[in-house]
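Shown next, in structure tokens, is the structure this report addresses.
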């Protein structure tokens, strides 16, 4: 079968931004969005019809309830657009605040109309009560992290599966920053670091306005921290060529160990991918727990041949089972059963149900 071209793979990775296009399937693939928005729309129609009927009668109608009706329909339209553009995680806090305001509005309108007599006011009050219930459900969902039990249970019914958790990712990065990385071949690695300059840890993307040293307190200690860019050129180190360097005496070994020179994972955006990865994808680190770096299991849908000029890509066969992590971008970091690590195109694999254990 036809394989992806190296130029196409590089072109995809050169753009660190994910394009969001209007796609109705993103909305239709989420049962929670369809169900809640459908019920909210029906409730809104009931509230609108009841309010018009009450206002047309002799009974005085609270004018603020009209703004409640307008605000609620604008909120539903916004949610529909956000789902179609797949921007829910980007505007989660805004949605939570907007829904919280809507909950206050609908609750106030309910309190103003529910005590009116007649079927017309009863219909309007029922519509506002249903809208208040839907708004409360939205506050619980959008106000919670994707890793929360309620969100994970709700997202499990979605065709796209459970959404990635920013909280879990940040916690994993924080844990990994407290654990020193131990290279597989420390003696040659230490020798290479002596001849390498140690730049300050910084974000590669200057457009974000982040510069300077992010970890100044740590850099002032005796332990040296190396940016992932220092490792460029070392990724294809031949095992056989490094074996002679392992023949050193115990004194040199003690000296190297006492220097405590290591690489700590840095939260930096790799220029070759559109995902945030530390320590050059974390491919040359042993942070103690493999599940932190490769928590998911994926199956290869097609055969992929890695670009020989790209040191980070790995090849795999159709049907091969891989351990993957950082699954938010087009390129995922992966580990094969033979221990080989690298990056793979996400459209060539599919995630299996559940996390790896």
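We count from 1, first residue shown onward.
Backbone N, Cα and C atoms are what each Cβ position is placed from, and that goes for glycine too.
Swiss-Prot assigns residue 63 and residue 328 to opposite sides of the membrane. Per Swiss-Prot, the range carrying the annotation transmembrane segment out of 64-84, 148-168 is 64-84. Taking Swiss-Prot as the reference, the stretch among 94-114, 178-198 described by the feature transmembrane segment is residues 94-114. Matching 32-52, 200-220 against Swiss-Prot, the residues noted as transmembrane segment span 32-52.
Here the topological domain 'Extracellular' (115-121) has long-range neighbours at 50, 53-54, 57, 59, meaning same-chain residues at least 6 beyond its ends whose C-beta is under 8 angstroms from one of its own. Across the topological domain 'Extracellular' (53-63), mean pLDDT in this model comes to 83.
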